[in-house]
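The next block holds one structure in the form of C-alpha coordinates; read it before the comments.
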Amino acid sequence: MKDQYDLIVIGSGPAGEKAAVKAAYHGYSVAVVEKNTRFGGAGTNTGTLPSKTLKETALYYSGFYEKGLFGVDKELERSANAQDFFFRKNQVVDSQEEGIEKNFRLHGIDTFHGAGKLLGPNKAGITGKDNCELNGKFILVATGSYPFQPEGIPFDGCYVHDSDTILQINRIPKSIVIVGAGVIGCEYATIFSVMGSNVKLVNSREEILTFLDREICHALQDQMKEDGVDFIFGNRVEDVAILPEEHEHNVHAKLTNGEPLQADMFLYAAGRSGCSAGLGLEEVGVELGKRGTIVVDQSYRTAVPSVFAVGDIIGFPSLASTGMDQGRVAVTHMFGLHEIEKISEHFPYGIYTIPEVSVFGITEDEAIEQEIPHVIGRAKYTDMPRGKIMGVDEGLLKIIVEKHTRTILGVHIFGKIATELIHYGMSLVENRETLSDVISRVYNTPTLHELYKYAAYNALIEGHYLDKPTGH
Ligand SMILES: Cc1cc2nc3c(=O)[nH]c(=O)nc-3n(C[C@H](O)[C@H](O)[C@H](O)COP(=O)(O)OP(=O)(O)OC[C@H]3O[C@@H](n4cnc5c(N)ncnc54)[C@H](O)[C@@H]3O)c2cc1C
Ligand SMILES: NC(=O)c1ccc[n+]([C@@H]2O[C@H](COP(=O)([O-])OP(=O)(O)OC[C@H]3O[C@@H](n4cnc5c(N)ncnc54)[C@H](O)[C@@H]3O)[C@@H](O)[C@H]2O)c1
(Lines of atoms letter the chains of each structure in order from A; the text may use other names.)
(Lines give C-alpha, C1' and ligand atoms only; values in the text may rest on other atoms or scores of the structure.)
(Ligands and ions follow the chains in the order given, each with its own letter.)
Protein backbone atom coordinates (compact mmCIF):
# COMPACT_ATOMS: atom_id res chain seq x y z
CA MET A 1 0.00 0.00 0.00
CA LYS A 2 1.14 3.54 -0.63
CA ASP A 3 1.96 6.10 2.07
CA GLN A 4 0.73 9.26 0.33
CA TYR A 5 -3.02 10.10 0.14
CA ASP A 6 -5.27 13.01 -0.68
CA LEU A 7 -7.23 12.26 2.50
CA ILE A 8 -6.54 10.29 5.66
CA VAL A 9 -9.67 9.62 7.73
CA ILE A 10 -9.16 8.60 11.36
CA GLY A 11 -12.25 6.68 12.53
CA SER A 12 -14.72 4.60 10.50
CA GLY A 13 -18.00 5.53 12.23
CA PRO A 14 -20.87 7.11 10.26
CA ALA A 15 -19.06 10.47 9.95
CA GLY A 16 -15.71 9.04 8.81
CA GLU A 17 -17.23 6.44 6.48
CA LYS A 18 -19.39 8.88 4.53
CA ALA A 19 -16.54 11.40 4.21
CA ALA A 20 -14.11 8.74 2.97
CA VAL A 21 -16.56 7.39 0.41
CA LYS A 22 -17.48 10.82 -0.90
CA ALA A 23 -13.83 11.79 -1.43
CA ALA A 24 -13.06 8.45 -3.13
CA TYR A 25 -16.18 8.78 -5.31
CA HIS A 26 -14.77 12.06 -6.61
CA GLY A 27 -11.50 10.37 -7.51
CA TYR A 28 -9.33 11.29 -4.52
CA SER A 29 -7.05 8.72 -2.89
CA VAL A 30 -8.28 7.89 0.61
CA ALA A 31 -6.94 5.93 3.61
CA VAL A 32 -9.19 5.02 6.56
CA VAL A 33 -7.57 4.28 9.92
CA GLU A 34 -9.64 2.33 12.47
CA LYS A 35 -8.38 1.24 15.87
CA ASN A 36 -11.16 -1.26 16.44
CA THR A 37 -11.15 -4.66 14.72
CA ARG A 38 -14.56 -3.78 13.27
CA PHE A 39 -15.56 -0.82 11.13
CA GLY A 40 -18.63 1.31 11.86
CA GLY A 41 -17.95 2.92 15.24
CA ALA A 42 -20.68 3.53 17.78
CA GLY A 43 -23.17 4.05 14.96
CA THR A 44 -22.93 0.38 13.97
CA ASN A 45 -21.42 -1.47 16.92
CA THR A 46 -22.50 0.07 20.22
CA GLY A 47 -24.97 2.89 19.63
CA THR A 48 -27.54 3.62 16.97
CA LEU A 49 -28.05 0.28 15.27
CA PRO A 50 -27.82 -2.10 18.25
CA SER A 51 -30.21 -0.08 20.42
CA LYS A 52 -32.75 0.31 17.60
CA THR A 53 -32.60 -3.41 16.83
CA LEU A 54 -33.03 -4.29 20.52
CA LYS A 55 -36.13 -2.11 20.56
CA GLU A 56 -37.66 -4.13 17.73
CA THR A 57 -36.63 -7.38 19.44
CA ALA A 58 -38.22 -6.25 22.71
CA LEU A 59 -41.44 -5.42 20.85
CA TYR A 60 -41.43 -8.83 19.15
CA TYR A 61 -40.84 -10.91 22.30
CA SER A 62 -43.20 -8.89 24.48
CA GLY A 63 -45.96 -8.80 21.86
CA PHE A 64 -46.34 -5.23 23.11
CA TYR A 65 -48.29 -3.90 20.15
CA GLU A 66 -50.29 -7.08 19.59
CA LYS A 67 -51.74 -7.00 23.10
CA GLY A 68 -55.37 -5.94 23.05
CA LEU A 69 -55.55 -6.07 19.24
CA PHE A 70 -58.27 -8.72 19.25
CA GLY A 71 -60.14 -7.56 22.32
CA VAL A 72 -58.23 -9.82 24.68
CA ASP A 73 -55.09 -8.93 26.56
CA LYS A 74 -53.29 -11.87 25.07
CA GLU A 75 -49.69 -12.44 26.21
CA LEU A 76 -47.88 -13.94 23.25
CA GLU A 77 -46.23 -17.23 23.94
CA ARG A 78 -42.79 -15.84 23.30
CA SER A 79 -40.10 -15.55 25.88
CA ALA A 80 -36.51 -14.53 25.47
CA ASN A 81 -33.24 -15.15 27.23
CA ALA A 82 -30.27 -12.84 26.70
CA GLN A 83 -29.04 -14.93 23.77
CA ASP A 84 -32.38 -14.54 21.96
CA PHE A 85 -32.43 -10.87 22.89
CA PHE A 86 -29.09 -10.21 21.17
CA PHE A 87 -29.50 -12.64 18.24
CA ARG A 88 -31.04 -10.20 15.79
CA LYS A 89 -28.90 -7.31 16.99
CA ASN A 90 -25.78 -9.33 16.14
CA GLN A 91 -27.14 -10.18 12.68
CA VAL A 92 -27.94 -6.55 11.89
CA VAL A 93 -24.61 -5.27 13.20
CA ASP A 94 -22.63 -7.92 11.27
CA SER A 95 -24.51 -7.19 8.07
CA GLN A 96 -23.99 -3.43 8.41
CA GLU A 97 -20.29 -3.86 9.18
CA GLU A 98 -19.89 -6.02 6.09
CA GLY A 99 -21.67 -3.32 4.09
CA ILE A 100 -19.20 -0.68 5.28
CA GLU A 101 -16.20 -2.86 4.43
CA LYS A 102 -17.67 -3.48 0.97
CA ASN A 103 -18.31 0.24 0.50
CA PHE A 104 -14.63 0.95 1.24
CA ARG A 105 -13.51 -1.82 -1.14
CA LEU A 106 -15.83 -0.72 -3.96
CA HIS A 107 -14.48 2.82 -3.74
CA GLY A 108 -10.83 1.72 -3.72
CA ILE A 109 -10.24 3.03 -0.19
CA ASP A 110 -7.20 1.62 1.65
CA THR A 111 -7.97 0.59 5.22
CA PHE A 112 -5.50 0.39 8.12
CA HIS A 113 -6.14 -1.14 11.53
CA GLY A 114 -4.52 0.52 14.52
CA ALA A 115 -4.72 3.69 16.61
CA GLY A 116 -4.18 6.79 14.53
CA LYS A 117 -2.27 9.83 15.78
CA LEU A 118 -1.36 13.14 14.19
CA LEU A 119 2.40 13.49 13.76
CA GLY A 120 2.11 16.79 11.90
CA PRO A 121 -0.43 18.84 9.91
CA ASN A 122 -0.13 16.34 7.00
CA LYS A 123 1.18 13.21 8.69
CA ALA A 124 -0.48 10.43 10.69
CA GLY A 125 1.09 7.53 12.54
CA ILE A 126 -0.65 4.19 13.11
CA THR A 127 0.14 1.98 16.07
CA GLY A 128 -1.28 -1.54 16.07
CA LYS A 129 -1.82 -4.24 13.47
CA ASP A 130 -0.84 -1.97 10.54
CA ASN A 131 2.07 -0.06 12.11
CA CYS A 132 3.11 2.70 9.68
CA GLU A 133 3.16 6.40 8.88
CA LEU A 134 0.98 8.04 6.21
CA ASN A 135 1.10 11.44 4.55
CA GLY A 136 -2.11 13.21 3.59
CA LYS A 137 -3.01 16.45 1.85
CA PHE A 138 -5.86 16.52 4.37
CA ILE A 139 -6.55 14.65 7.62
CA LEU A 140 -10.10 14.19 8.89
CA VAL A 141 -10.55 13.34 12.58
CA ALA A 142 -13.77 11.36 13.07
CA THR A 143 -12.93 9.47 16.24
CA GLY A 144 -16.35 9.81 17.87
CA SER A 145 -17.16 9.69 21.57
CA TYR A 146 -17.25 7.27 24.51
CA PRO A 147 -19.68 6.96 27.45
CA PHE A 148 -18.87 9.33 30.28
CA GLN A 149 -18.13 7.32 33.44
CA PRO A 150 -18.64 9.42 36.60
CA GLU A 151 -15.86 9.00 39.16
CA GLY A 152 -16.29 6.50 41.98
CA ILE A 153 -18.80 4.27 40.18
CA PRO A 154 -17.64 0.61 40.08
CA PHE A 155 -18.23 -0.11 36.36
CA ASP A 156 -17.53 -3.85 36.09
CA GLY A 157 -19.33 -4.74 32.83
CA CYS A 158 -21.35 -7.34 34.75
CA TYR A 159 -23.57 -5.54 37.25
CA VAL A 160 -22.75 -1.88 36.60
CA HIS A 161 -22.79 -0.89 32.93
CA ASP A 162 -22.42 1.95 30.49
CA SER A 163 -24.12 1.96 27.06
CA ASP A 164 -21.24 -0.09 25.57
CA THR A 165 -21.14 -2.97 28.08
CA ILE A 166 -24.93 -3.25 28.37
CA LEU A 167 -24.69 -4.94 24.96
CA GLN A 168 -22.72 -7.81 26.52
CA ILE A 169 -25.10 -8.84 29.31
CA ASN A 170 -25.82 -12.55 29.59
CA ARG A 171 -29.15 -12.23 31.40
CA ILE A 172 -32.18 -9.94 31.25
CA PRO A 173 -32.20 -8.23 34.66
CA LYS A 174 -35.25 -8.61 36.90
CA SER A 175 -34.62 -5.05 38.01
CA ILE A 176 -32.47 -2.28 36.61
CA VAL A 177 -31.62 1.25 37.72
CA ILE A 178 -30.87 3.57 34.81
CA VAL A 179 -29.01 6.76 35.69
CA GLY A 180 -29.68 9.66 33.31
CA ALA A 181 -32.98 10.38 31.54
CA GLY A 182 -31.43 11.64 28.31
CA VAL A 183 -32.05 9.92 24.99
CA ILE A 184 -30.02 6.80 25.84
CA GLY A 185 -31.55 6.42 29.32
CA CYS A 186 -35.13 6.82 28.04
CA GLU A 187 -34.65 4.47 25.08
CA TYR A 188 -33.16 1.69 27.24
CA ALA A 189 -35.74 2.30 30.01
CA THR A 190 -38.55 1.49 27.57
CA ILE A 191 -36.67 -1.49 26.07
CA PHE A 192 -36.05 -3.13 29.48
CA SER A 193 -39.50 -2.26 30.75
CA VAL A 194 -41.14 -3.92 27.74
CA MET A 195 -38.84 -6.95 28.25
CA GLY A 196 -40.31 -7.29 31.76
CA SER A 197 -37.58 -5.75 33.91
CA ASN A 198 -38.54 -3.57 36.83
CA VAL A 199 -37.06 -0.20 35.75
CA LYS A 200 -36.14 2.80 37.89
CA LEU A 201 -34.95 5.87 35.94
CA VAL A 202 -32.99 8.36 38.03
CA ASN A 203 -32.43 11.87 36.73
CA SER A 204 -30.74 14.91 38.25
CA ARG A 205 -33.31 17.17 36.57
CA GLU A 206 -37.06 17.19 37.23
CA GLU A 207 -38.06 16.10 33.72
CA ILE A 208 -36.88 13.88 30.90
CA LEU A 209 -35.60 15.15 27.54
CA THR A 210 -35.80 18.86 28.33
CA PHE A 211 -35.35 19.93 24.69
CA LEU A 212 -38.74 18.46 23.70
CA ASP A 213 -42.05 20.30 23.45
CA ARG A 214 -43.42 19.98 27.01
CA GLU A 215 -46.74 18.43 25.95
CA ILE A 216 -44.93 15.74 23.96
CA CYS A 217 -42.43 15.20 26.79
CA HIS A 218 -45.28 14.73 29.29
CA ALA A 219 -47.12 12.39 26.92
CA LEU A 220 -44.03 10.18 26.70
CA GLN A 221 -43.35 10.43 30.43
CA ASP A 222 -46.96 9.44 31.28
CA GLN A 223 -46.86 6.53 28.86
CA MET A 224 -43.55 5.29 30.26
CA LYS A 225 -45.02 5.48 33.78
CA GLU A 226 -48.08 3.55 32.65
CA ASP A 227 -45.79 0.91 31.13
CA GLY A 228 -44.03 0.47 34.46
CA VAL A 229 -41.05 2.85 34.46
CA ASP A 230 -40.56 4.37 37.89
CA PHE A 231 -39.09 7.91 37.65
CA ILE A 232 -36.88 9.31 40.41
CA PHE A 233 -36.29 12.99 39.62
CA GLY A 234 -34.08 15.64 41.19
CA ASN A 235 -31.71 12.99 42.52
CA ARG A 236 -28.29 11.54 41.84
CA VAL A 237 -27.02 8.12 42.76
CA GLU A 238 -24.28 7.81 45.39
CA ASP A 239 -22.24 5.11 47.12
CA VAL A 240 -22.78 2.43 44.49
CA ALA A 241 -21.57 -0.97 45.74
CA ILE A 242 -21.63 -4.41 44.12
CA LEU A 243 -22.50 -7.22 46.52
CA PRO A 244 -21.62 -10.91 46.23
CA GLU A 245 -23.79 -13.14 44.04
CA GLU A 246 -26.04 -14.63 46.75
CA HIS A 247 -27.84 -11.30 47.39
CA GLU A 248 -31.27 -10.82 45.86
CA HIS A 249 -30.12 -7.47 44.45
CA ASN A 250 -26.48 -7.28 43.51
CA VAL A 251 -26.11 -3.53 43.33
CA HIS A 252 -26.83 -1.32 46.33
CA ALA A 253 -26.69 2.47 46.33
CA LYS A 254 -28.16 5.57 47.88
CA LEU A 255 -29.99 8.55 46.39
CA THR A 256 -28.94 12.12 47.22
CA ASN A 257 -32.13 12.37 49.34
CA GLY A 258 -30.74 9.52 51.46
CA GLU A 259 -33.11 6.79 50.28
CA PRO A 260 -31.63 3.38 49.51
CA LEU A 261 -31.72 2.00 45.98
CA GLN A 262 -31.19 -1.62 44.97
CA ALA A 263 -31.33 -3.57 41.70
CA ASP A 264 -29.84 -6.50 39.79
CA MET A 265 -28.13 -4.14 37.38
CA PHE A 266 -27.24 -0.46 36.95
CA LEU A 267 -26.88 1.34 33.61
CA TYR A 268 -25.22 4.75 33.46
CA ALA A 269 -26.32 6.96 30.56
CA ALA A 270 -25.07 10.33 31.70
CA GLY A 271 -23.61 11.82 28.53
CA ARG A 272 -20.56 11.17 26.35
CA SER A 273 -17.03 12.62 25.90
CA GLY A 274 -15.01 13.09 22.71
CA CYS A 275 -12.28 10.52 21.81
CA SER A 276 -9.44 13.04 21.50
CA ALA A 277 -6.90 11.69 24.03
CA GLY A 278 -3.68 10.35 22.54
CA LEU A 279 -4.37 11.80 19.06
CA GLY A 280 -1.57 14.36 19.28
CA LEU A 281 -4.06 17.12 18.49
CA GLU A 282 -2.77 19.90 20.70
CA GLU A 283 0.83 19.16 19.67
CA VAL A 284 0.00 20.09 16.05
CA GLY A 285 -2.11 23.11 17.06
CA VAL A 286 -5.70 21.76 16.95
CA GLU A 287 -7.88 23.59 19.50
CA LEU A 288 -9.87 21.49 21.97
CA GLY A 289 -13.22 22.37 23.58
CA LYS A 290 -15.24 20.94 26.49
CA ARG A 291 -15.38 17.20 27.24
CA GLY A 292 -12.63 16.29 24.76
CA THR A 293 -14.29 17.89 21.74
CA ILE A 294 -12.47 19.57 18.82
CA VAL A 295 -13.25 23.18 17.87
CA VAL A 296 -14.07 23.63 14.15
CA ASP A 297 -15.38 26.40 11.89
CA GLN A 298 -18.46 26.18 9.62
CA SER A 299 -16.58 24.09 7.07
CA TYR A 300 -15.42 21.66 9.83
CA ARG A 301 -11.84 22.92 9.56
CA THR A 302 -9.84 22.99 12.79
CA ALA A 303 -7.28 25.64 13.77
CA VAL A 304 -4.83 23.71 11.53
CA PRO A 305 -5.93 24.32 7.88
CA SER A 306 -5.20 20.78 6.62
CA VAL A 307 -6.99 19.10 9.57
CA PHE A 308 -10.79 18.77 9.66
CA ALA A 309 -13.05 17.12 12.26
CA VAL A 310 -16.64 15.83 12.09
CA GLY A 311 -19.16 13.75 14.05
CA ASP A 312 -19.34 13.29 17.82
CA ILE A 313 -15.78 14.56 18.27
CA ILE A 314 -17.02 18.11 17.54
CA GLY A 315 -19.88 17.80 20.09
CA PHE A 316 -23.51 18.88 19.63
CA PRO A 317 -25.73 17.45 18.21
CA SER A 318 -23.79 14.14 18.33
CA LEU A 319 -26.06 12.16 16.06
CA ALA A 320 -25.23 9.62 13.39
CA SER A 321 -27.61 11.47 11.06
CA THR A 322 -25.85 14.83 11.35
CA GLY A 323 -22.36 13.28 11.53
CA MET A 324 -22.73 11.61 8.12
CA ASP A 325 -23.62 14.90 6.45
CA GLN A 326 -20.90 16.80 8.30
CA GLY A 327 -18.43 14.30 6.80
CA ARG A 328 -19.75 14.93 3.28
CA VAL A 329 -19.70 18.71 3.75
CA ALA A 330 -16.12 18.66 5.11
CA VAL A 331 -14.98 16.84 1.95
CA THR A 332 -16.81 19.39 -0.23
CA HIS A 333 -14.77 22.15 1.43
CA MET A 334 -11.43 20.31 1.36
CA PHE A 335 -11.54 19.68 -2.38
CA GLY A 336 -13.71 22.65 -3.48
CA LEU A 337 -16.40 20.35 -4.87
CA HIS A 338 -19.12 23.02 -5.03
CA GLU A 339 -21.80 20.63 -3.76
CA ILE A 340 -23.62 20.82 -0.42
CA GLU A 341 -21.51 23.41 1.38
CA LYS A 342 -23.51 23.47 4.60
CA ILE A 343 -25.87 21.08 6.30
CA SER A 344 -29.27 22.43 7.09
CA GLU A 345 -29.23 24.38 10.34
CA HIS A 346 -32.32 22.47 11.44
CA PHE A 347 -32.51 18.69 11.72
CA PRO A 348 -35.08 16.26 13.07
CA TYR A 349 -34.69 14.44 16.38
CA GLY A 350 -35.73 10.81 16.35
CA ILE A 351 -36.09 9.23 19.77
CA TYR A 352 -36.65 5.48 19.56
CA THR A 353 -38.45 5.02 22.84
CA ILE A 354 -41.57 2.85 22.97
CA PRO A 355 -43.59 4.72 21.69
CA GLU A 356 -41.29 6.86 19.55
CA VAL A 357 -40.96 10.64 19.54
CA SER A 358 -39.82 12.76 16.64
CA VAL A 359 -39.72 16.51 16.30
CA PHE A 360 -38.82 19.25 13.86
CA GLY A 361 -39.04 23.02 14.20
CA ILE A 362 -40.26 25.34 16.89
CA THR A 363 -41.89 24.13 20.15
CA GLU A 364 -44.94 25.76 21.74
CA ASP A 365 -42.74 27.21 24.51
CA GLU A 366 -40.35 28.69 21.94
CA ALA A 367 -43.28 30.32 20.12
CA ILE A 368 -44.38 31.86 23.43
CA GLU A 369 -40.84 33.00 24.36
CA GLN A 370 -40.30 34.53 20.93
CA GLU A 371 -43.72 36.23 21.14
CA ILE A 372 -44.87 34.65 17.88
CA PRO A 373 -48.68 34.80 17.64
CA HIS A 374 -49.54 31.14 17.07
CA VAL A 375 -52.21 28.48 16.95
CA ILE A 376 -51.86 24.81 17.88
CA GLY A 377 -53.37 21.94 15.90
CA ARG A 378 -53.55 18.41 17.30
CA ALA A 379 -54.56 15.01 15.96
CA LYS A 380 -54.65 11.80 17.97
CA TYR A 381 -53.68 8.42 16.57
CA THR A 382 -56.77 6.90 18.18
CA ASP A 383 -59.04 9.15 16.06
CA MET A 384 -57.49 8.00 12.77
CA PRO A 385 -58.97 4.98 10.99
CA ARG A 386 -55.43 3.58 10.56
CA GLY A 387 -54.78 4.07 14.29
CA LYS A 388 -57.95 2.13 15.09
CA ILE A 389 -56.94 -0.70 12.74
CA MET A 390 -53.50 -0.84 14.33
CA GLY A 391 -55.07 -0.95 17.78
CA VAL A 392 -52.87 1.81 19.18
CA ASP A 393 -54.14 3.47 22.33
CA GLU A 394 -51.79 6.45 22.41
CA GLY A 395 -50.15 8.88 19.98
CA LEU A 396 -50.36 12.56 19.12
CA LEU A 397 -49.28 14.80 16.26
CA LYS A 398 -49.05 18.46 17.19
CA ILE A 399 -48.37 21.38 14.86
CA ILE A 400 -47.39 24.93 15.76
CA VAL A 401 -48.81 27.42 13.25
CA GLU A 402 -48.01 31.10 12.78
CA LYS A 403 -51.36 32.79 13.42
CA HIS A 404 -51.53 35.40 10.68
CA THR A 405 -49.94 33.58 7.75
CA ARG A 406 -51.05 30.07 8.85
CA THR A 407 -47.52 28.85 8.17
CA ILE A 408 -46.47 25.63 9.90
CA LEU A 409 -43.47 26.34 12.14
CA GLY A 410 -43.09 23.11 14.09
CA VAL A 411 -44.21 19.47 14.06
CA HIS A 412 -44.03 17.22 17.13
CA ILE A 413 -45.04 13.57 17.06
CA PHE A 414 -45.42 11.06 19.89
CA GLY A 415 -46.45 7.57 18.82
CA LYS A 416 -45.71 4.60 16.64
CA ILE A 417 -43.31 5.23 13.70
CA ALA A 418 -43.02 8.90 14.65
CA THR A 419 -39.41 8.80 13.38
CA GLU A 420 -40.71 7.95 9.90
CA LEU A 421 -43.75 10.27 9.92
CA ILE A 422 -41.70 13.35 10.80
CA HIS A 423 -40.12 13.75 7.38
CA TYR A 424 -43.26 15.09 5.73
CA GLY A 425 -43.60 17.57 8.60
CA MET A 426 -40.00 18.55 8.10
CA SER A 427 -40.61 19.49 4.48
CA LEU A 428 -43.75 21.43 5.47
CA VAL A 429 -41.72 23.53 7.91
CA GLU A 430 -38.71 23.93 5.62
CA ASN A 431 -40.87 24.97 2.67
CA ARG A 432 -42.95 27.29 4.86
CA GLU A 433 -46.15 25.55 3.83
CA THR A 434 -49.52 26.60 5.23
CA LEU A 435 -52.63 24.90 6.62
CA SER A 436 -54.29 25.30 3.20
CA ASP A 437 -51.37 23.48 1.53
CA VAL A 438 -51.80 20.52 3.87
CA ILE A 439 -55.57 20.40 3.60
CA SER A 440 -55.71 20.74 -0.17
CA ARG A 441 -53.65 17.55 -0.74
CA VAL A 442 -55.09 14.06 -1.11
CA TYR A 443 -53.38 11.45 1.09
CA ASN A 444 -53.74 7.69 1.04
CA THR A 445 -56.40 6.50 3.42
CA PRO A 446 -56.35 4.82 5.86
CA THR A 447 -52.85 5.98 6.86
CA LEU A 448 -51.26 7.60 9.87
CA HIS A 449 -50.22 10.32 7.45
CA GLU A 450 -53.78 11.65 7.70
CA LEU A 451 -52.76 12.92 11.14
CA TYR A 452 -51.30 15.92 9.31
CA LYS A 453 -54.60 16.78 7.65
CA TYR A 454 -56.62 16.43 10.86
CA ALA A 455 -54.09 18.45 12.86
CA ALA A 456 -54.43 21.16 10.19
CA TYR A 457 -58.25 21.08 10.44
CA ASN A 458 -57.95 21.24 14.22
CA ALA A 459 -55.70 24.31 13.90
CA LEU A 460 -58.34 25.95 11.70
CA ILE A 461 -60.90 25.41 14.45
CA GLU A 462 -58.55 26.49 17.25
CA GLY A 463 -57.61 29.62 15.29
CA HIS A 464 -61.29 30.46 14.57
CA TYR A 465 -60.32 30.71 10.93
CA LEU A 466 -63.24 28.84 9.46
CA ASP A 467 -65.45 31.86 8.89
CA LYS A 468 -62.64 33.92 7.36
CA PRO A 469 -60.95 33.75 3.95
CA THR A 470 -57.65 31.82 4.01
CA GLY A 471 -55.54 34.66 2.64
CA HIS A 472 -53.96 32.35 0.01
C1 LIG B 1 -26.92 3.95 22.66
C2 LIG B 1 -26.83 4.98 21.55
C3 LIG B 1 -27.89 5.13 20.67
C4 LIG B 1 -27.82 6.05 19.62
N5 LIG B 1 -28.89 6.20 18.79
C6 LIG B 1 -28.84 7.08 17.77
C7 LIG B 1 -29.91 7.21 16.86
O8 LIG B 1 -30.93 6.52 16.97
N9 LIG B 1 -29.81 8.08 15.84
C10 LIG B 1 -28.70 8.85 15.66
O11 LIG B 1 -28.65 9.64 14.70
N12 LIG B 1 -27.64 8.76 16.53
C13 LIG B 1 -27.70 7.89 17.57
N14 LIG B 1 -26.64 7.77 18.43
C15 LIG B 1 -25.47 8.62 18.23
C16 LIG B 1 -24.54 8.03 17.15
O17 LIG B 1 -24.23 6.68 17.43
C18 LIG B 1 -23.29 8.84 17.07
O19 LIG B 1 -23.63 10.20 16.90
C20 LIG B 1 -22.42 8.42 15.89
O21 LIG B 1 -22.05 7.06 15.99
C22 LIG B 1 -21.15 9.27 15.84
O23 LIG B 1 -20.47 8.95 14.67
P24 LIG B 1 -18.91 9.26 14.55
O25 LIG B 1 -18.50 8.74 13.21
O26 LIG B 1 -18.63 10.65 14.88
O27 LIG B 1 -18.21 8.39 15.70
P28 LIG B 1 -18.28 6.84 16.11
O29 LIG B 1 -19.48 6.18 15.56
O30 LIG B 1 -18.08 6.83 17.58
O31 LIG B 1 -17.00 6.23 15.40
C32 LIG B 1 -15.71 6.64 15.71
C33 LIG B 1 -14.72 5.58 15.27
O34 LIG B 1 -13.40 6.08 15.46
C35 LIG B 1 -12.57 5.04 15.97
N36 LIG B 1 -11.43 5.65 16.66
C37 LIG B 1 -11.42 6.36 17.81
N38 LIG B 1 -10.17 6.78 18.10
C39 LIG B 1 -9.37 6.32 17.09
C40 LIG B 1 -7.97 6.41 16.83
N41 LIG B 1 -7.13 7.08 17.62
N42 LIG B 1 -7.49 5.80 15.71
C43 LIG B 1 -8.32 5.10 14.87
N44 LIG B 1 -9.64 4.99 15.09
C45 LIG B 1 -10.16 5.61 16.18
C46 LIG B 1 -13.51 4.28 16.89
O47 LIG B 1 -13.03 2.96 17.15
C48 LIG B 1 -14.80 4.28 16.08
O49 LIG B 1 -14.86 3.17 15.22
C50 LIG B 1 -26.67 6.85 19.47
C51 LIG B 1 -25.58 6.69 20.34
C52 LIG B 1 -25.66 5.76 21.37
C53 LIG B 1 -24.48 5.59 22.29
N1 LIG C 1 -32.17 8.50 19.06
C2 LIG C 1 -31.09 9.26 19.10
O3 LIG C 1 -30.91 10.16 18.32
C4 LIG C 1 -30.04 8.99 20.13
C5 LIG C 1 -30.17 7.89 20.96
C6 LIG C 1 -29.22 7.70 21.94
C7 LIG C 1 -28.14 8.57 22.04
N8 LIG C 1 -28.03 9.61 21.22
C9 LIG C 1 -26.90 10.56 21.40
O10 LIG C 1 -26.04 10.12 22.44
C11 LIG C 1 -25.67 11.22 23.24
C12 LIG C 1 -25.55 10.81 24.70
O13 LIG C 1 -26.81 10.49 25.24
P14 LIG C 1 -27.05 10.41 26.82
O15 LIG C 1 -28.47 10.04 27.02
O16 LIG C 1 -26.00 9.60 27.50
O17 LIG C 1 -26.73 11.87 27.33
P18 LIG C 1 -27.62 13.19 27.53
O19 LIG C 1 -26.63 14.27 27.78
O20 LIG C 1 -28.61 13.33 26.45
O21 LIG C 1 -28.46 12.91 28.86
C22 LIG C 1 -27.89 12.68 30.10
C23 LIG C 1 -28.95 12.84 31.18
O24 LIG C 1 -28.41 12.36 32.38
C25 LIG C 1 -28.66 13.27 33.43
N26 LIG C 1 -27.54 13.06 34.38
C27 LIG C 1 -26.23 13.33 34.15
N28 LIG C 1 -25.50 12.93 35.22
C29 LIG C 1 -26.36 12.37 36.11
C30 LIG C 1 -26.20 11.76 37.38
N31 LIG C 1 -25.00 11.60 37.95
N32 LIG C 1 -27.30 11.31 38.04
C33 LIG C 1 -28.53 11.43 37.46
N34 LIG C 1 -28.74 12.00 36.24
C35 LIG C 1 -27.66 12.46 35.57
C36 LIG C 1 -28.74 14.62 32.79
O37 LIG C 1 -29.54 15.51 33.53
C38 LIG C 1 -29.39 14.27 31.43
O39 LIG C 1 -30.79 14.29 31.53
C40 LIG C 1 -26.68 12.32 23.04
O41 LIG C 1 -25.99 13.50 22.77
C42 LIG C 1 -27.47 11.90 21.84
O43 LIG C 1 -27.31 12.82 20.79
C44 LIG C 1 -28.97 9.85 20.28
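Cβ from N, Cα, C; glycine included.
Taken from TrEMBL, the feature domain 'FAD/NAD(P)-binding' applies to 5-327.
Counting only residues at least six positions away in the same chain, the Cβ atoms of TYR352 sit under 8 Å from the Cβ of LYS52 (FAD binding site). Residues annotated as FAD binding site in TrEMBL: LYS52, GLY116, THR143, GLY144, SER145, ASP312.
The Cβ neighbour count for ILE184 (NAD(+) binding site), using a 10 Å radius and every protein chain shown, is 22. Annotation source TrEMBL lists NAD(+) binding site at GLY180, ALA181, GLY182, VAL183, ILE184, GLY185, CYS186, GLU187, GLY271.
Summarising the annotation, TrEMBL assigns domain 'Pyridine nucleotide-disulphide oxidoreductase dimerisation' to 348-455.
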In the same chain, outside GLY180, ALA181, GLY182, VAL183, ILE184, GLY185, CYS186, GLU187, GLY271, whose C-beta lies within 8 angstroms of the Cβ mean position for the NAD(+) site? ILE178, TYR188, ILE208, LEU209, ALA269
So if I take the binding-site residues (GLY144, CYS186, GLY271) and measure from each Cβ to the nearest atom of ligand 1, which come out below 6 Å? GLY144
When secondary structure is assigned with DSSP, how many helix, strand and coil residues does the domain 'Pyridine nucleotide-disulphide oxidoreductase dimerisation' (348-455) contain? 39 helix, 31 strand, 38 coil
Please tell me which one of the binding-site residues listed here (GLY180, GLY182, ILE184, GLY271) sits closest to GLY116 (FAD binding site), measuring Cα to Cα? GLY271
Report the largest Cα to Cα distance, in Å and rounded to a whole number, among the residues GLY180, ALA181, GLY182, VAL183, ILE184, GLY185, CYS186, GLU187, GLY271 that the record lists as binding NAD(+). 14
Over the domain 'Pyridine nucleotide-disulphide oxidoreductase dimerisation' (348-455), what is the model's mean pLDDT? 97
The answer for which binding-site residues (LYS52, GLY116, THR143, GLY144) have a CB under 6 A from ligand 2 is none
Using the structure shown, find which entry in GLY144, GLY182, GLY271 (the binding-site residues) has the sparsest Cβ neighbourhood within 10 Å. GLY271
